[in-house]
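Novice: Feature annotation from Swiss-Prot assigns 3-amino-2-oxopropyl phosphate binding site to N12, R23, G197, G218, H219. Positions annotated as 1-deoxy-D-xylulose 5-phosphate binding site by Swiss-Prot, on the basis of sequence analysis: D14, H15, R50, H55, T105. Residues or ranges marked as active site, proton acceptor by Swiss-Prot on the basis of sequence analysis: H48, E75. What Swiss-Prot records for E156 is site 'Transition state stabilizer', and it gives sequence analysis as the kind of evidence. Marked as active site, proton donor by Swiss-Prot: H196.
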Amino acid sequence: MTHSNRMLLGVNIDHVATLRQARGTRYPDPVKAALDAEEAGADGITVHLREDRRHIQERDVVVLKDVLQTRMNFEMGVTEEMMAFAEKIRPAHICLVPETRQELTTEGGLDVAGQEARIKAAVERLARTGAEVSLFIDADERQIEASRRVGAPAIELHTGRYADAQTPTEVAEELKRIVDGVAFGVGQGLIVNAGHGLHYHNVEAVAAIKGINELNIGHALVAHALFVGFKAAVAEMKALIVAASR
């Protein structure tokens, strides 16, 4: 989903499910969190159904598909099980993410350049469901070019190294890497999203980057929601992004 005038906020609700799975209870319900997030201004809801099912479960995805008023961004590993599930659910957006060490780059994104044929086949198969397929990659020209070559219309740039940077120099270097990656991706004709490790104290610099379509944020929202409530946590983040991206 793109919007010409403003940056979008995708709310990842995985860690609401993490809290539920810690005790194997029926609460807290990630579906309720998703609906609250939408009410508070989320432009979409992101869920990652992992092979180990450590947080989100199939049932969550099925229910969310039926009740969301915005759209679902379904994160998944490149496996036959997940491909078949995505074909059944048919989410609006699918983001392919690395789940095994072989699929990872050194920074942590999907190594598209190292497995182009496999990723191309997955992108083509998933595109037939009508989904917009994106690839979660590092802000690296080689990976961005490979993403275009395999036919993905969108990418999500991994902001984890920026989030983990310790010194002002490191922060500036990692931010420049993202800025350059966004410009390169847009120049390649791709929709460029970003996310991973973003929180209330580091999001503004990324939200100020021209060319980013959407930021996906989860853990920081769930953590802040413990103290202010989920709607307030989402609304606060949305306000930061809107102000910074003007």
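Cβ coordinates come from backbone N, Cα and C, glycine included.
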Novice: For H15 (1-deoxy-D-xylulose 5-phosphate binding site) and H219 (3-amino-2-oxopropyl phosphate binding site), what Cα-Cα distance in Å is obtained after rounding to a whole number?
Specialist: 6
Novice: If H, G and I count as helix, E and B as strand, and all else as coil, what does DSSP give for H55 (1-deoxy-D-xylulose 5-phosphate binding site)?
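Specialist: In three-state terms, H55 (1-deoxy-D-xylulose 5-phosphate binding site) counts as coil.
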Novice: For R50 (1-deoxy-D-xylulose 5-phosphate binding site), what is the secondary structure state per DSSP, taken as helix, strand or coil?
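Specialist: SS state of R50 (1-deoxy-D-xylulose 5-phosphate binding site) = coil.
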Novice: Taking the Cβ of H55 (1-deoxy-D-xylulose 5-phosphate binding site) as centre, how many other Cβ atoms lie within 10 Å?
Specialist: 21
Novice: Which residue among the recorded positions H48, H219 has the fewest other Cβ atoms within 10 Å of its Cβ, if you could check?
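Specialist: Selected from the recorded positions H48, H219 on minimum Cβ neighbours within 10 Å: H219.
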Novice: According to DSSP, which kind of secondary structure is N12 (3-amino-2-oxopropyl phosphate binding site) found in, if we only use helix, strand and coil?
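Specialist: The residue in question, N12 (3-amino-2-oxopropyl phosphate binding site), is strand (DSSP, three-state).
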Novice: Going by Cα-Cα distance, pick out whichever of the recorded positions R50, E156, H196 is nearest to R23 (3-amino-2-oxopropyl phosphate binding site).
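Specialist: For R23 (3-amino-2-oxopropyl phosphate binding site), the spatially nearest of the recorded positions is R50.
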Novice: Sorry to bug you, but what's the C-alpha spacing from H55 (1-deoxy-D-xylulose 5-phosphate binding site) to G197 (3-amino-2-oxopropyl phosphate binding site), rounded to the closest Å?
Specialist: 18
Novice: Give me the count of other Cβ atoms within 10 A of the Cβ belonging to R50 (1-deoxy-D-xylulose 5-phosphate binding site).
Specialist: 16
